[in-house]
């Protein structure tokens, strides 16, 4: 068939969005979130999409937190708000 390996022949990778961390990395080192992605993929392997979403939710959440750092950003925002509040009240002075 002429369309086999079409992505490779054209030099594009349409599947990159699915497994970003499993792609070849510069200098041959594993990506930062590779372990979390691997756990998520191994958990969902062989399950249907609906069942995998339900059973592999913790692994997926860990992977997304590693990729986007949303929980870390929310925590940092709370800490900074508390610091600003303490500065206004005069209980804390920055060094």
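Counting starts with 1 at the first residue shown.
Just so you know, glycine gets a Cβ as well, placed from its N, Cα and C.
Counted within 10 Å of its Cβ, the other Cβ atoms near residue 33 (disulfide bond) come to 18, all protein chains included. The disulfide bond annotation in TrEMBL covers 33-66 (among others).
Here residue 43 (disulfide bond) comes close to 52, 55, 56, 59: these same-chain residues lie at least six apart in sequence, with C-beta atoms under 8 angstroms from its C-beta. TrEMBL lists 43-56 (among others) with the feature disulfide bond.
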